[in-house]
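Written below as structure tokens is the structure these notes are about.
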Amino acid sequence: MYQPDFPPVPFRSGLYPVVDSVQWIERLLDAGVRTLQLRIKDRRDEEVEADVVAAIALGRRYNARLFINDYWRLAIKHQAYGVHLGQEDLQATDLNAIRAAGLRLGVSTHDDMEIDVALAARPSYIALGHVFPTQTKQMPSAPQGLEQLARHVERLADYPTVAIGGISLARAPAVIATGVGSIAVVSAITQAADWRLATAQLLEIAGVGDE
């Protein structure tokens, strides 16, 4: 049963782009996306605070679900919709502070053991990856593939799930067909020849999510 320790998110969050700049956040919100993540890596809090503030303000303006990757203190300080954490960040994060601030929590997983760890934290949603080979970040694990993804989705049948990793426009329909609630994409949009067209096509496949 879906009883998170954090505020819930819709069972289906639809298309979920993960981007590294406020410019991309604004572009995608304007294009109709309603679930996004700002992921800026390896910078100090004070270096990214202005971007976090601007992204959160845009999310509010468009009534969107904007998650901040990693910078949970800034997300709390400026009242983001939610925080996304990698498995390696869970131990070093004050989950009680995130919960007390009323922020949603998403957690990355790569196998059954990490799903167990995520479930113990009772987050708002669980991300499952990486589904396909990806150039976006170095991954210590092998790609899961569609069969493994479908198995994880079945295991988490009543939990909001997000598939991530190497999901292209061509692969998106098969990923959605597993029953996963959301697809997170990076280069499928940011490296597309026509990002507006790619976004529109991905929205057609994955939707904007439930209200």
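Just so you know, glycine gets a Cβ as well, placed from its N, Cα and C.
For reference, Swiss-Prot has these:
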BINDING   GLN37, LEU38, ARG39, ILE40, LYS41, ASN69, SER108, LYS137  4-amino-2-methyl-5-(diphosphooxymethyl)pyrimidine binding site
BINDING   ASP70, ASP89  Mg(2+) binding site
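Here the features listed in Swiss-Prot are painted onto the structure.
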residue : record                                                         : Cβ contacts under 8 Å, 6 or more apart
GLN37   : 4-amino-2-methyl-5-(diphosphooxymethyl)pyrimidine binding site : TYR16, PRO17, VAL18, VAL19, LEU66, PHE67, ILE68, ASN69, HIS84, ALA184
LEU38   : 4-amino-2-methyl-5-(diphosphooxymethyl)pyrimidine binding site : VAL19, ASP20, SER21, VAL22, ILE25, ASP51, VAL52, ALA55, LEU66, PHE67, ILE68, ASN69
ARG39   : 4-amino-2-methyl-5-(diphosphooxymethyl)pyrimidine binding site : VAL18, VAL19, ASP20, ASN69, ASP70, HIS84
ILE40   : 4-amino-2-methyl-5-(diphosphooxymethyl)pyrimidine binding site : ASP20, SER21, VAL48, ASP51, ASN69, TYR71
LYS41   : 4-amino-2-methyl-5-(diphosphooxymethyl)pyrimidine binding site : ASP20, ASN69, ASP70
ASP89   : Mg(2+) binding site                                            : ASP70
SER108  : 4-amino-2-methyl-5-(diphosphooxymethyl)pyrimidine binding site : HIS84, LEU85, GLY86, GLN87, GLU114, ALA118, ALA127, GLY129, ILE164
Would you identify the secondary structure of ARG39 (4-amino-2-methyl-5-(diphosphooxymethyl)pyrimidine binding site) according to DSSP, in three states?
coil
DSSP says ASP70 (Mg(2+) binding site), in three-state terms, is coil
For ASP89 (Mg(2+) binding site), just give me the three-state DSSP call.
helix
